[in-house]
Protein chains: 2
Amino acid sequence: MNWYTEQWSNDCKFSIAYDKKIYSEQSSFQQINFYQGKEFGTFFTLDGLMMVNEKDEFIYHDMIVHPAFATNPNIKKVLIIGGGDGGTAREVLRYPNVEEVVMAEIDERVFRLCQQYLPVTARGVEEDSRMKLRFEDGLEYVRNAPDQSFDLILVDSTDPVSVGEGLFTKPFYKECYRVLNADGILINQHESPYFAEYAANMKKAHTKIKDIFPITHVYQYHMPTYPSGHWLFGFASKRLDPLKNLNVKAWEQFGLKTKYYNTNLHIGAFGLPNYVKEALNR
Amino acid sequence: MNWYTEQWSNDCKFSIAYDKKIYSEQSSFQQINFYQGKEFGTFFTLDGLMMVNEKDEFIYHDMIVHPAFATNPNIKKVLIIGGGDGGTAREVLRYPNVEEVVMAEIDERVFRLCQQYLPVTARGVEEDSRMKLRFEDGLEYVRNAPDQSFDLILVDSTDPVSVGEGLFTKPFYKECYRVLNADGILINQHESPYFAEYAANMKKAHTKIKDIFPITHVYQYHMPTYPSGHWLFGFASKRLDPLKNLNVKAWEQFGLKTKYYNTNLHIGAFGLPNYVKEALNR
């Protein structure tokens, strides 16, 4: 048996058996590996960290996309930063109201390889006429975008190292604020509260975003293949509150079948454990 | 480095580094091992499965105990089945209203060894005058208990194999129903929805309990050292509903400081993902 192993902390690791390594490439930005196994189907890693697998990608992609649309069902213009596997775009494109989706992914190779090896997330994305693919640095993209040009920004990034680093900085969040319109929402990959290294990144991101956006929340979900299985997204906005403005009726009228998300879970996801709230506010 | 490794499924495993194996014993019932490491402190396993560790025991013990007390703040008589590490009793004993706590633990060695090696959960439990320790089979204990003699039963068991098997059967749940009074609540260790073997146990337990109790719910929490990190408890009762009867004010008046539980999280814990709800109802 071959094992893909990821260190979750110095003293803790998670291993997945795979039948074969399908593909491996050092792109201009990172090491990309694709594996295939029984429990998780096809999965790929960037610089040795699990990104997406066929078994639980639905959890991450439901949770990065649907809470924003249930808070503002009128979202029309969406900017995805990162998200090279295509899963986030796939979920956004299910909303008929959406008119334009820009995906600024720094590494085109991730997207092209997912089109080839991970159709569950990438298939159909490029073909949708509302999609605008920009293979460039997300930070650069927002710097050059006009004021108030998006309703929603989804930061679907790696951890704050390598290509993901700039997406956890105050200048980046400031640019996001500027390009969002008055009802704008920023959702960002917010790391995890449990292992010290990830918790430190969680706190840093939250502190920076709180300085810029008037409304900031953090919400949680069960993502078994990410370290500790307890993973977070940030919800920041200029005006809309994910609980007070939750529009259950409007969201249900979209008639979307989801495997993880529902509007009760939406409310529950914001009910953080005390130790997480304390860490965020410290 | 020494590694304790647990298979979470045939194709997936979780490993924890430890500095030393503190103690090992084959009791009359099971293999008991204690380890000590940096990330998780002291932890112990039964038949090779992680039971309790110093880093995240607070999550499990908060979640098995506090939702019931926030639903019925007048709980006075409590029966704990299993729970040999003492952590569940520790949390129950924090409520001044509680008059009697019976702990029916089949394996006295687990409790004695936790008193010695895991004081964070076991310390002070035996010394509390409200505690009645019964080192006997939990199924036998409830069979012999009088009708309507408890306000709350907490089934703090292992998986449904070996000593835990009888605690996942219909005759056991029927006896629990009988010994609970009209406001009685049954909380049971309810496995996990993510890996197939655990999900099958989750479904079996739920189906059996639904046949006996008029009110049945399942709630979730983030338990990083259990398989997938997505773990469940069952909430069954004769009359009280954990959401409709949630008494936020009364629970907050207890003034208990908790590291995981709060009443917003209580509500959120019942907001299950669609795939879990569908599996439970299938």
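Backbone N, Cα and C atoms are what each Cβ position is placed from, and that goes for glycine too.
Listed in TrEMBL for this protein:
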DOMAIN    B:1-238  domain 'PABS'
BINDING   B:GLN30, B:GLU105, B:ASP137, B:GLY138  S-methyl-5'-thioadenosine binding site
BINDING   B:HIS61, B:ASP85, B:ASP156, B:SER157, B:THR158, B:ASP159  spermidine binding site
ACT_SITE  B:ASP156  active site, proton acceptor
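A map of TrEMBL features onto the structure.
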residue: B:GLN30; record: S-methyl-5'-thioadenosine binding site; Cβ contacts under 8 Å, 6 or more apart: B:LEU46, B:ASP47, B:ASP107, B:SER162, B:VAL163
residue: B:HIS61; record: spermidine binding site; Cβ contacts under 8 Å, 6 or more apart: B:GLY87, B:THR88, B:ARG90, B:GLU91, B:THR121
residue: B:ASP85; record: spermidine binding site; Cβ contacts under 8 Å, 6 or more apart: B:PHE44, B:MET51, B:VAL52, B:GLU57, B:VAL110, B:PHE111, B:CYS114, B:LEU118, B:THR121, B:ALA122
residue: B:GLU105; record: S-methyl-5'-thioadenosine binding site; Cβ contacts under 8 Å, 6 or more apart: B:ILE80, B:GLY82, B:GLY83, B:GLY84, B:PHE111, B:LEU133, B:ARG134, B:PHE135, B:GLY138
residue: B:ASP137; record: S-methyl-5'-thioadenosine binding site; Cβ contacts under 8 Å, 6 or more apart: B:ALA104, B:ILE106, B:GLY166
residue: B:ASP156; record: spermidine binding site; Cβ contacts under 8 Å, 6 or more apart: B:ILE64, B:ILE80, B:ILE81, B:GLY82, B:GLY83, B:THR88, B:GLN189
residue: B:SER157; record: spermidine binding site; Cβ contacts under 8 Å, 6 or more apart: B:ILE81, B:GLY82, B:GLY138, B:VAL163, B:GLY164, B:LEU167, B:PHE168, B:ASN188, B:GLN189
residue: B:THR158; record: spermidine binding site; Cβ contacts under 8 Å, 6 or more apart: B:LEU46, B:ASP47, B:LEU49, B:MET51, B:GLY82, B:GLY164, B:GLN189
residue: B:ASP159; record: spermidine binding site; Cβ contacts under 8 Å, 6 or more apart: B:LEU49, B:GLU191, B:TYR198, B:ASN201
Largest C-alpha distance in Å for the S-methyl-5'-thioadenosine site residues B:GLN30, B:GLU105, B:ASP137, B:GLY138, as a whole number, is 16
Surrounding the recorded S-methyl-5'-thioadenosine site, with Cβ no more than 8 Å from the Cβ centroid of B:GLN30, B:GLU105, B:ASP137, B:GLY138 and those residues left out, we find B:PHE29, B:ILE81, B:GLY82, B:GLY84, B:ALA104, B:ILE106, B:ASP107, B:PHE135, B:GLU136, B:VAL163
Per DSSP (helix/strand/coil reduction), B:GLY138 (S-methyl-5'-thioadenosine binding site) sits in helix
When pLDDT is averaged across the domain 'PABS' (B:1-238), the result is 97
B:GLY138 (S-methyl-5'-thioadenosine binding site), Cβ-centred 10 Å count of other Cβ atoms over all protein chains shown, is 29
